[in-house]
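Take a look at the structure set out below.
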Amino acid sequence: MGVRPRKGRSVMTDGVWAAPGRVNLIGEHTDYNDGFVMPFALPHTTVATVALRDDGVLRLHSADVPGDPVELRLADLDPGRRSGDWTDYSAGVVWALADAGHSVPGADIHYESTVPAGAGLSSSAALEVVTALALSDLCELGLDRPALARLCQRAENSYVGAPTGIMDQTASACCEAGHALHLDTRDLTRRQVPFDLAAHGLELLVVDTRVKHSHSEGEYGKRRAGCEAGAAALGVSALRDVPYAALDEALGRVEDPEVRRLVRHVVTENARVERVIGHAVAGDFRSIGPVLTEGHASLRDDFAVSCDELDLVVEASVAAGALGARMTGGGFGGSAIVLTEASRSSDVGKAVLDAFADRSLLAPRLFTAVPAEGARRLS
Ligand code: GAF
């Protein structure tokens, strides 16, 4: 039996759930090309305190956004009537549940989040996944984790209007503590790869440049459309189907130089995921560093999704002795990751802060990332 909804507005709580943000170690802009990614969950989470109600109302409140709770009628949820603010992610999930034939009677949801917003660390996916998991549990919808991730992606694509892939939602829903997730985004085949950097004397720093980014704006969609044009030119259903060994020959068949660069990034990036997996499985974590830096160059020069601040993090950290660094997530701002010897981590961090200060840029925020648990019920 699921929890029976209370009459009208609820003052009770039926449960508390948490879903994390993520960093992506390698495999950027490959997920909407049916390719490979390797994210891990952050300890930063969005927590939802939820009570079902029986009157067809969705009442949303966030401790992080000033103002009164927002009340929406479930019957009115429609992508054409989205509000353009954070509530679209929650409303989109409820809309996607209903659209898939699942019944939600109404809910009061209160959110609190420690996932930095707009930092490329998947605060949106955390919000979607915690909402979907709580409602799936309370209404006994029986959705498994990949199905939850797909539903959240649908909410983001069709309700919010951001043409994103499946990586962030799957990371938030499926990651495990102490592991990175090797994910095949074509069929959501997953492999948990042990990823204990501290045991190897290493650290992964996350550097939030504080340059805000958004995926519902045009550039992300343009890259996605360019990749689809590349796949069409090559006669494959997705760029994942272009083998690395056949890259030169494939590039010779793509006329548009911009599309050719996108193809080159995606095909080489899928190969980089395989190389990083190989190093991680062999326990050779230091060799991952140069692959990250190579990936950054490809995102900067071929895919054109970096920005000056992200490039600066990579240059300054590598010059200060980091093993490797790259932007993480969609780009156009957001965060970078830096792999470094733990013993050099504070020097590397200081070098990044100094480089920003020298250019009179807003100081970035730094923290050490350790792979944490995926979405779960707390109480
Ligand atoms: C964003 C998107 F949401 C992901 O789906 C993915 O495409 C990523 O950018 C780039 O790898 O985080």
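Positions of Cβ are set from backbone N, Cα and C atoms, glycine also.
The domain 'Galactokinase N-terminal' annotation in TrEMBL covers 15-51. Within its own chain, the domain 'Galactokinase N-terminal' (15-51) has Cβ neighbours under 8 Å at 3, 6, 107-116, 121-123, 125-127, 129-131, 133-135, 137-138, 163-168, 171-173, 175-177, 179-186, 193, 195, 204, 206, 223-224, 227, 231, 237-241, 265-266, 269-270, 272-274, 276-277, 288, 291-292, 295, 299, 303, 305, 326-331, 335, 337, 369-379, counting only residues six or more beyond its boundaries.
Sequence-distant neighbours of Y220 (substrate binding site): residues of the same chain at least 6 apart with a C-beta under 8 Å from its C-beta are A162, P163, T164, V305, G330, F332. The substrate binding site annotation in TrEMBL covers E28, H29, T30, D31, Y220.
Feature annotation from TrEMBL assigns ATP binding site to S62, G118, A119, G120, L121, S122, S123, S124. Taking a C-beta cut-off of under 8 angstroms and a sequence separation of 6 or more, A119 (ATP binding site) has the following same-chain neighbours: D208, R210, G334, S335, R365.
On the 0 to 100 pLDDT scale, the model's mean across the domain 'GHMP kinase N-terminal' (91-174) is 98. The domain 'GHMP kinase N-terminal' annotation in TrEMBL covers 91-174.
Around the Cβ of S124 (ATP binding site), 29 further Cβ atoms fall within 10 Å across all displayed protein chains. Here TrEMBL flags S124, E156 as Mg(2+) binding site.
Proximity of D168 (active site, proton acceptor) to non-local residues of its own chain (separation of 6 or more, Cβ distance below 8 Å) is seen for R22, P39, S122, S124, A125, given in sequence order. Under DSSP, D168 (active site, proton acceptor) is assigned to a helix (H, G or I) in the three-state scheme. Under the heading active site, proton acceptor, TrEMBL lists D168.
According to TrEMBL, the domain 'GHMP kinase C-terminal' annotation covers 282-352.
Binding of ATP is attributed in the record to S62, G118, A119, G120, L121, S122, S123, S124, and the widest Cα separation among these residues amounts to 20 Å. The 6 Å Cβ screen around ligand 1 retains D168 from the recorded positions S62, L121, S124, D168, ordered by sequence position. Secondary structure at E28 (substrate binding site), taken from DSSP and collapsed to helix, strand or coil, is coil. Of the recorded residues, H29 (substrate binding site) and E156 (Mg(2+) binding site) place their C-alpha atoms 16 Å from one another. Within 8 Å of the Cβ centroid of the substrate site, not counting the listed residues E28, H29, T30, D31, Y220, the chain contributes G27, Y32, N33, G35, V37, G165, M167, R223, V266, E269, G330. Of all the binding-site residues listed here (E28, T30, D31, E156), E156 has the Cα closest to the Cα of S62 (ATP binding site). Of E28, T30, E156, all annotated as binding-site residues, the residue with the shortest Cα distance to L121 (ATP binding site) is E28.
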